[in-house]
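This report concerns only the one structure given below.
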Amino acid sequence: MEYLGWCMVMGAVWMLGESKFRQILVPNASALGSLCFVMILLCPIPILFFADSLQKGLHHRFYVCLGSIAMINFAVCTILTAAGIADYIETMPVSHGILAITVATIFVHLFQYIRTEKNKTDRLLLIGLLAAILCIAVETTSVYFVTLMSGLFVGAGMLILLFVNIVRAIKNVQDIELKRQQSEIRKNQEQNEKMSLQMIQTLSTTIEAKDAYTRGHSYRVAQYAALIAEELGWTPEEILNLKRATHLHDIGKIGIPDPFLNKPAQLTDDEYNLIKKHTVIGAEILKDITLIPHAAEIARSHHERYDGKGYPDGLAGTEIPIHARIVAVADCYDALNSRRIYRNALPPEVVYEEFRKNRGTQFDPEITDIFLKLLKEKRLPQWDPSQEEPDTYNLPDMQLTVSKFISDIMATIKSQEDAKSYDFLTGLPMRNLGERLTAEFMQTHDGCLVFLDMDNLKKINDIYGHKAGDRALKCLGKLLQKRADQGISCRLGGDEFLMFLPDTDPNSLSLQMDDLFQKFHTITTDDPELRFATLSAGLCLCSTDDSFEDCYSKADKALYYVKQNGKNQFFFYQQIDRSTLAASGSGKDLELVAESLQKSGIYVGALDLNYRDFARQYEYMCQLVTRSQCRCYLAMITIETLVDTVPDIESIEQALEYMEQAIRQNIRRVDICTRYSSLQYLIILFEPDETHIPDIIERIFTQYYHQCDSHDFQPSYEYLEISPQEL
């Protein structure tokens, strides 16, 4: 505002000189001429200040130098006038020269400045300044000729300049207020955007808090995606938007039930189809979010494949948005490079090979090449797998606080949910919780997975009621709880249990299982209602590199093997391939089998309804033979393994399947068959001609050899007549 001040001072001085008050202060009328000369001498200074302020200091140094010359000239002229050496009019040419230079320079500078500026008030000031300069030029010229008009033009010029500056000052005040309001609006908008982003990221944190294994996943994927985008030459703003959108790529998982997200075993087709819906759910959630560009398309399309075999839309190639193609690579890398409940992190060489193999099929080839280059050059950030807390990722203080708060809440909720996931009867974790805890434990400890089954529970329930069955389950639960201090025990459902014993060897395991079986036998012996209860168990030795699903399947196969070979024992899966399978079941005495089938459902065969029905039918046939004097036969077909071969379980199961088909297609509808053990089938032949039995068996073997190409097995048979004396 210095130009306004100077103009007001100069105007006040002129008005004072023209008023009657001047006659009191300055009795000599010629003083008016001196005052006019003084104003002409000092005119360059306020004009220079004004021009410098108008141009925002663009030529500040030059104007300071020119103003200093004008001030020195005024001082010299004043001293000469006071000393009587020369008056103002004699020294005026020098002042005029300085004023002319000042006016010409400012006019050129202002003309250049106004051409580049769009502010209309600056143009008004230019007009006012030119009018003031014109008035000063007239005043300068008239001082030599007309003394009666001294000061008139200078005053008029100053008044014009004053008026113009008042208008500009008002305009500047309006502009300042407008800028303040705009700045306040922009500040509020930035705060709202920041809060919105934090809320959205907090929501993402909430989703990840549902699963401890994916905590920090979105943050890491965002960092990987940003590196890829940087290699593609994206601008910083585009990279920032990509990172923000990537934080929300899995937001749709908020609509997926926790048991499916945390399931340690392989998902069923229905469960997998439900998991795939998280892309559509995420896109629906983000479709109206304009604050973060491309968030919805990333959430929807980050599981699409470059060959068109992805989901949910089956897009292919460049039909997939570029942002989603980048996130697909980053997302897959973090999944392979991180520990999951069903496996540990994969080695770097395996991860590299996975991307190389899927280049152009699952992933965009250009983006894959860039990512493989980043992998090879080791430019990807490394995360400590032992630290999954949010502060590992250097989040802002506010977001860190919110993330920890949400994580604590989710941990509390999860602990409460886990408390509800315990079996009231046995006190053991139920299936979902038990499998999850077991899978987590297996990732950090070698050990043995035990699939345990209580035999004959249904018979106890049928004879003595469900209270007796519950009592048997409760007793077994207490025994398993004592071993839960060392590992994990859970109830899968019904009469099935799962147990993981860490850091142990086969010999120690055998001793522990013998102790468990003995203690349970003692309990059932002391309680007459539980005397039929026994235990069968399949064991699988496993290491931290093995997956829960694979070990679970192997333990189940070992249990099935036990069930097929007499129950009330345990067996290691690792022993099955090395055992003498030829002796398993093939040495059963047929008369003992017949005696076993007569014991009112107390049988030694596989526990399934077909066999139970077979046992009941055998009892019926025995009664029929006694009452009707009909002739019925019990035949046993045994698949014997050759001496020089040790087939695996899969080969045995395939051979048995072919044998079952051959039996069903070659016996009559009145005959009955069932699978008895791991290598045997039983057949009840109703009133056949005994001489035709070898022909029947021969037809069965012929069809079996026709279907089975393996030469590792040789079937044999024997039969006996069902006599009334066996009842």
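Quick reminder: no glycine exception, Cβ is built from N, Cα and C everywhere.
Summarising the annotation, TrEMBL assigns domain 'HD-GYP' to 192-387. Here TrEMBL flags 214-336 as domain 'HD'. The domain 'GGDEF' annotation in TrEMBL covers 445-575. Per TrEMBL, the feature transmembrane segment maps to 29-50, 62-86, 92-112, 124-146.
Confidence across the domain 'HD-GYP' (192-387), taken as the mean pLDDT and rounded to a whole number, stands at 84.
Only residues 6 or more beyond the boundaries of the transmembrane segment (62-86), in the same chain, are considered here, and those with a CB under 8 A from a CB of the stretch are 34, 37-38, 41-42, 44-45, 48-49, 51-52, 94-95, 98-99, 101-102, 105. Secondary structure of the domain 'HD' (214-336) per DSSP (helix as H, G, I; strand as E, B; remaining residues coil): 78 helix, 0 strand, 45 coil.
Secondary structure counts, DSSP: the domain 'GGDEF' (445-575) has 71 helix, 34 strand, 26 coil.
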